[in-house]
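Let me begin by presenting the structure, written as structure tokens, before commenting on it.
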């Protein structure tokens, strides 16, 4: 079979690739691929391998997702091979009509990256249509008087094919009276005319039947036939004659129905009824109407240039005798700008990434205007200020691409309006709008609402309580804007961080894992991070400083005097002759809190003799308020309370035992009668003390024996005289509880003589000793502790002399309140430096005071009767100076210079004191 019988599978397919380079500013290379195929190819037929022609490999096809974008689905692309396949019937006559060239243009779309490729498939005509007449038979009346050579226009056949496959010629069945003449119109179409070869005789043959055949130029040619019936009429000498054989006129397509197109006119030289001419269309017209009397042709319907550009009609003029004349009327329709351009989007991206680079392809725009000429020339523009632009890709085809940076956080979507305007007069335009949504990318890091955070948390907070909350916002969407919180770093120990704080990843709330202690941890800093869930994730850090607020959770601690298990201190001795204002002792306390919570005040809760003593509210100094009366008891008891400034205040109490006496002998009964405080670990300590005592006794016996043997050999009698009966004191230092552990920021360790456990050994000194001779008992530090006094003292071994005024403190050197002392109570210490060893020895020696005239309380020049007293009250902000913790008991004694001056007054002699004591003994 030939091409006309459907051998479409073997038709040639000639793919031709054309590459059209756009300007350098075009972001992509636009390729146009041309194919040529015959019409009526069966579905599934291969047009060509589109992937190969585009340079795609088979491996790329799954990712590139090559597909066809067109208004009608004539073609499709195989996802496996990339071949362009026929998907619907291709009828050239239906698609293009009588156009000499028929091509289907569409776009091939490839993704990753997105690009468009123009494809042109030319549809070749095949001889699949036969010429057809509108009717199977036609009737024609010819007068017997018609002269040979007279021509009659016959019905034309229609062939939908073009070119050689269209109608090419006509054939007429053989008849000696008629012949066939073929003529051609201006558009190239052919029509037949019947020519009379000889005169007809109606009396011989009144009816003729002829067969008219129309043939195309196909191979083999196709044909169509119609029967021509000729009726011979009676003679009419003069037939009608038209003014012109062909009437041509141009008509605008926008004329309304009823518009007069033209008027045909014919004349007949006959008279009477034979000269009356009536006009009619040779073929029935539907668009135009003809006035049979006047020959006026008018429009019957609205004309449309886009449907039919030209009309050709045959008008007959028939006289009353039956003679007929024919003329041709050709009406050319002029195009008017009556069609607005049509704008359509193809392969529009639903979402555009906000980080798309300028020039990213968004959509393909197709412009179509049914008008022709300038009326069909269209200009496309983008309305408004948007970060997009349109680029001409081919005729009536544009690309919509990005023309700037996109930011979804500022503009999440764009309403893009594209206007197409033709060049008609007046120009027509149409617009189409589309909303382009911007897809979010993780381009915004979380931002904290504050540059840094500072919170205050009171101590002793409940574990698990929230102490702070941070908040960060992320302008992105979805996971890109979902923020989680964590602790990145801190100034705490890494291992201890988890035991202090934790953080909620969702809410940003920071929780305390434990109760904070202001005395252990006053402040700490955390580095918090907010991180989104994007890929890659973005984060931001912020510092959170936590200040632990102090609460009054620590009661004052009494450091001095050292308290026993029952809360009472050992006795302090006050001279009977003490004047009002005499400094008896000083209560020293500290508070581990700070601020007002550590501001201590001292109060007397109970006194055995009210009004006898006064207590400094802030200094804690216990002074005599008046002189001792005859009715006043020698032993006094003061219950002192130390309160802090917290709300509510916390307090501690201390019981002071004060004894008015001038010598230790007066208070010995009180000392021996006083019960020894019980020790919780007395049993264990007892065994330890016994063991140590045995070892010490054995060692001392060995040393004494060695010294005695050596002195036996010595010739110095003075050395032996020291071992004569006299006064020797053995005392053991007692260390109060250690306050270095706990919540105090500073440690206070005191070493004082525990007078309750002091032992006295009375030895009789040798009378051979000179009054100026003293035994030096001490270490290399130079501290002098005389055990044997001058001969003057031996005359009254049982008397206690009052302390020497040379050892009294000056007003400027008295201990006072730290931090907030009055100007008159503030003084500086002497410039001479005391070694640590000397002070320790002085403190230990203060517990050993002689009971007779040779005791350290006498008025001898070498006397150093010392008792440890803690210095001024200290708060947590001051570190105590150990030099302030020593003063002379029994009086306001102060260390003086060699001249013995104290505050501008001459010191009282020691001998006078001794005489006064002697008088008391005599009484």
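Backbone N, Cα and C atoms are what each Cβ position is placed from, and that goes for glycine too.
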415, 892 - residue that Swiss-Prot labels as N-linked glycosylation site: 415
Correct range for transmembrane segment (source Swiss-Prot, candidates 688-708, 709-729, 730-750): 688-708
Candidate annotated as N-linked glycosylation site in Swiss-Prot, where the set is 541, 789: 541
Cβ-Cβ neighbours of residue 541 (N-linked glycosylation site) (radius 10 Å): 13
Integer Cα-Cα distance in angstrom, residue 415 (N-linked glycosylation site) to residue 541 (N-linked glycosylation site): 38
Packing count at residue 415 (N-linked glycosylation site) (other Cβ atoms within 10 Å of its Cβ): 11
Residues of the domain 'Cadherin 5' (449-558) by DSSP state, where helix covers H, G and I: 11 helix, 51 strand, 48 coil
Confidence summary (mean pLDDT) of the domain 'Cadherin 1' (31-133): 89
Composition by DSSP (helix, strand, coil) of residues within the domain 'Cadherin 3' (243-343): 4 helix, 46 strand, 51 coil
